[in-house]
Amino acid sequence: MAKLTVKDVDLKGKKVLVRVDFNVPLKDGVITNDNRITAALPTIKYIIEQGGRAILFSHLGRVKEEADKEGKSLAPVAADLAAKLGQDVVFPGVTRGAKLEEAINALEDGQVLLVENTRFEDVDGKKESKNDEELGKYWASLGDGIFVNDAFGTAHRAHASNVGISANVEKAVAGFLLENEIAYIQEAVETPERPFVAILGGSKVSDKIGVIENLLEKADKVLIGGGMTYTFYKAQGIEIGNSLVEEDKLDVAKDLLEKSNGKLILPVDSKEANAFAGYTEVRDTEGEAVSEGFLGLDIGPKSIAEFDQALTGAKTVVWNGPMGVFENPDFQAGTIGVMDAIVKQPGVKSIIGGGDSAAAAINLGRADKFSWISTGGGASMELLEGKVLPGLAALTEK
């Protein structure tokens, strides 16, 4: 990565502005999954160990109007972070003004401050989300010319708290998490050790058109599972019963199949049920076709065996999107089968592209077996598409 990183700058005695991704799930004010906080610790610890004063920025949820602020304060995050760091985290509870400035100016070397939810600035004219110039300049003025972007999860967005600050500081650098995300995902796609197999699941072809097109050029095989299977089936005239289908994407699916040169591998059977919820019958299909009155909710046992075979000997695997409705034990065999097939390959570099796949690996107890699990669903998807991420482009070149 030809961008400056946090190790390339002198931090001692400096007020260092840091964009982290603390967009964690909350239930009744309690954090239900703190992985994103844990993921940011190496960068925060490095800054304070080097004698810097860390000033952290993050969003939490979507905030469009005053009422949306309810339950979206970063206060629970400040408490969780303090416990993880073993030291106080200053939390003024505001995004601008004298209270914030005084708290920042009172910081000593090695201390940490968390600014309130950056999206609270969206209530008045979407200043954060629309990268308001004045807001970016103001936030940049709170530091000493160094900005560390460690929020991969928002790197595909041009917001005031990443691109806006970057434009108004002397040096904008990557944190360790951002550096790792780029290294794993970009290197896997651009310079993979072969055979390189991509596995794409999820419900919609429309979400993954760009990704499929890019990966058909780069990968040796692209395996398709999940709900989007049935759009590809229907495009070939295969019966899909009541399965999910995007009628307006049938031509796209047909086109992708035609230009794939046999690289695109579809399931050969499904696990079907007579309803999505409240079903009374679940069974495996004989072949590709889904029965009338039924819908496909997972790939079937023959497909699991075929995908296992397709993954044999793979040295690089990128997986994005579950094979079925994995939240339901009746339809998680496909996702489990594919995960197990990936991680058993000797010397494989295995990467999960965030989102539902990451949740599946964590919930089904296989997270620690993968080389890398991305923290950003949307951002990793755009990298897999070969797009330039605004948050990354805004960093200072080496």
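Just so it is clear, glycine is given a Cβ too, placed from its N, Cα and C backbone atoms.
Binding of substrate is attributed by Swiss-Prot to ASP21, PHE22, ASN23, ARG36, HIS59, LEU60, GLY61, ARG62, ARG157, and the same site annotation extends, among ARG96, ARG119, ARG194, to ARG119. There are 21 other Cβ atoms within 10 Å of the Cβ belonging to ASN23 (substrate binding site). In the three-state DSSP classification, ARG119 (substrate binding site) falls within a helix.
Put simply, GLY61 (substrate binding site) is 17 Å from ASP356 (ATP binding site) when counted between their Cα atoms. Closest in space to ARG119 (substrate binding site), of the binding-site residues given as GLU327, GLY355, SER357, is GLY355, taking the CA atom of each residue.
Mapped onto three states, the DSSP output places GLY61 (substrate binding site) in coil. Annotated pair GLY296 (ATP binding site) and GLY61 (substrate binding site), C-alpha to C-alpha distance, rounded: 32 Å.
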